[in-house]
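For ALA18, GLU37, CYS48, ALA49, ALA51, ARG98, VAL122, ASP278, GLY290, ILE291, the entry in Swiss-Prot reads FAD binding site.
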Amino acid sequence: MRALNDSYDVVVVGAGPAGSMASYNASKNGAKTLLIEKSQEIGTPVRCAEAVPRLEDFGINPDPSFVRSYIKGGYLIAPNGKKVVVKGGKTDGYVVERKVFDKFLAIRSGQAGTQIAVKSRVTKIEKTDDGYDVFVNYLGDEYIVKTKIVIAADGVESNIAEYAGLKSKKSSKEICSCAEYEMTNVKLLDNEMMEFYFGDICPKGYIWLFPKGDTVNVGIGIIDSKKRALDYLDEFLTNPLVEGRLDNAVPIEFKVGGDPVGGPIEKTVADNIMVVGDAAGHVSPLTGGGIGLSMACGVMAGEVAAESTKAEDYSEEFLNLYEKRWKERYYKPLMKDLKYKNILQKLSDEELNAIADSIPENLEEVDVGKLAVKIVAKAPSLLRHFKELL
């Protein structure tokens, strides 16, 4: 059971949502697939706020074993406490238990025929005439596995893409430093609504409160700051904005991580390789959310891998189908989010308050272009920030 085969059609590195979706779709469509995960348990350690979009859109039933809360929208809260409510449209989804959810996706992939190797580290990959040799330390034993296609789903610090000459490394200004407590005894504004806080309390980022059943994820993401994310988070716990709501809060888990918010990498394919998920920058630069996008791009990568296997064509030209598909659907929205993020990072607390005072208190969807018109009409001094959106 432990031994790896000598060769596969597809080797996926990383068993997060992107990797598991890629391997599932490759196996389901006939490709002989290996999924490699460095942790001894898929789903650990958890490094994110655990919010996901509508799982039904992926053909996944939101099972109670991993769904902790249904989300119907969120509060955007300015430094002065003004709340803007966003509901409906694309705002609904779930907060999940990632330890269970990621394992569920991997089980699904295994049931489709994927071989899974946990506690396995890819030490390097080497290009061959017809694919890659993948060097794997699997439970202490060394293997060299041949494959026609590598799918790099190995996260924000991806080495696999770099081995293949695809530039995936991010600068410190492109990485959001995150810290989060999972806490009990937190009083939320609404148990089906997320809360987002902005301003100097979380430089170039935001603080979130996400309902999670009997607990709440209380976290922060900041960029290029003088203090640690944890220091800002601890200060927030006694902030007047949440006065009386966190007084009795008790942490039951602490998580840290990094989020790539600099936009997608320039190139996600080469001969015999595709890059997906955090490794590819498949994360909203504005929100830092990436699970849904990574899953969707994982589906595309797995499908193209299977198509490539059937066609016996593993060239960059063929695999570019994957890059074409994901860019057609997601590239423009990602670049818009990058533009919005760059604007948001320049705003002072006073300007954030002016924005909150300039827009309706209830929004069914966030159309930034239309909102920019309303904001500038009521607060002309903000034109310098928003003129490129008008």
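Along the chain as shown, residues are numbered 1 onward.
From the backbone N, Cα and C atoms, a Cβ is placed for every residue, glycine too.
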Task: Find the longest CA to CA distance in the recorded FAD-binding set ALA18, GLU37, CYS48, ALA49, ALA51, ARG98, VAL122, ASP278, GLY290, ILE291; express it in Å as a whole number.
output: 29
Task: List the same-chain residues at least 6 positions away in sequence whose Cβ sits under 8 Å from the Cβ of GLY290 (FAD binding site), in sequence order, or say none.
output: ASP259, GLY277, ASP278, HIS282, VAL283, SER284
- prompt: For VAL122 (FAD binding site), what residues in its own chain, 6 or more apart in sequence, show a Cβ-Cβ distance under 8 Å?
  reply: VAL13, ILE36, LYS38, VAL134, PHE135, VAL136, ASP154, ASN159, ILE160
- prompt: If H, G and I count as helix, E and B as strand, and all else as coil, what does DSSP give for CYS48 (FAD binding site)?
  reply: coil
Entry from the binding-site residues list ALA18, CYS48, ALA51 having the most other CB atoms no farther than 10 A: ALA18
Message: Need the DSSP three-state call for ALA18 (FAD binding site) to compare against my parser.
response: helix
